[in-house]
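Visitor: Just lifted these from Swiss-Prot, have a look:
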- 24-212: domain 'BPL/LPL catalytic' (DOMAIN)
- 69, 70, 71, 72, 73, 74, 75, 76, 140, 141, 142, 153, 154, 155: substrate binding site (BINDING)
- 137: site 'Lowers pKa of active site Cys' (SITE)
- 171: active site, acyl-thioester intermediate (ACT_SITE)
């Protein structure tokens with residue numbers, strides 16, 4: 001399996017094309033990247049959770065796309081670290097539950113190691129929240145398991161300004177419940193981003209086979 005870190009923003013539609021090719025050939029790969037301001041609706045989206053008209057989004061330069069991942073509406077924007085994980089569960093004989101639990105555990109352990117920040121999950125509302133204030137969400141998750149090959153993944157709010165979230169009720173919740181490392185007053189510099197990615201690689205390798213690393 002490869003890990004690829006993109007330093008440039010990747011258009012959301014380009015990612016959708018990439019993940020379809022990866023699934024077609026069942027080619028495992030983990031991607032770290034950022035998107036330009038984008039809103040996506042998952043297979044369980046509620047139209048009422050889109051708070052503005054598509055015409056307004058277009059005028060603000062915000063793209064909107066409908067996807068086959070789980071969940072409702074979420075937002076992507078510069079400064080948010082996105083981790084897309086493409087894993088062949090059938091080949092690895094892994095259950096969906098095991099995969100999800102360990103994906104979230106990898107993020108929890110990595111964030112704790114990087115900032116000494118404690119996060120918790122919520123079985124009733126997927127994602128990761130502050131242990132000190134469970135109403136505050138810092139990480140979204142949405143995964144597609146078509147043909148037992150995963151795509152999509154997690155979006156962690158690092159230094160993004162959260163403005164795009166104001167256009168939606170993220171996963172059915174008020175956008176004011178969203179937070180970021182920057183908003184919490186922690187160091188969000190490039191070196192901390194790199195440290196987080198390094199920790200994520202290590203923790204992902206704890207439940208997946210060794211990964212070959214490349215950059216783009």
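Positions of Cβ are set from backbone N, Cα and C atoms, glycine also.
Each of the listed features needs to be described in terms of its position in the shown structure.
Guide: In sequence order, 40, 42, 43, 142, 143, 144, 151, 152 constitute the residues six or more apart from residue 69 (substrate binding site) in its chain with CB-CB distances below 8 Å.
A sphere of 10 angstroms centred on the C-beta of residue 137 (site 'Lowers pKa of active site Cys') encloses 24 other C-beta atoms.
Just so you know, the Cβ of residue 171 (active site, acyl-thioester intermediate) picks up 23 other Cβ atoms within 10 Å once every protein chain is counted.
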Visitor: Going by DSSP, give the three-state secondary structure for residue 171 (active site, acyl-thioester intermediate).
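Guide: In three-state terms, residue 171 (active site, acyl-thioester intermediate) counts as helix.
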Visitor: For residue 137 (site 'Lowers pKa of active site Cys'), which of the recorded positions 71, 75, 154, 171 has the nearest Cα in space?
Guide: 171
Visitor: Suppose we draw a 10 Å sphere around the Cβ of residue 75 (substrate binding site). How many other Cβ atoms does it contain, all chains included?
Guide: 26
Visitor: Where the distance is taken from Cα to Cα, which of the binding-site residues 73, 75, 140 turns out closest to residue 171 (active site, acyl-thioester intermediate)?
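Guide: Among 73, 75, 140, 73.
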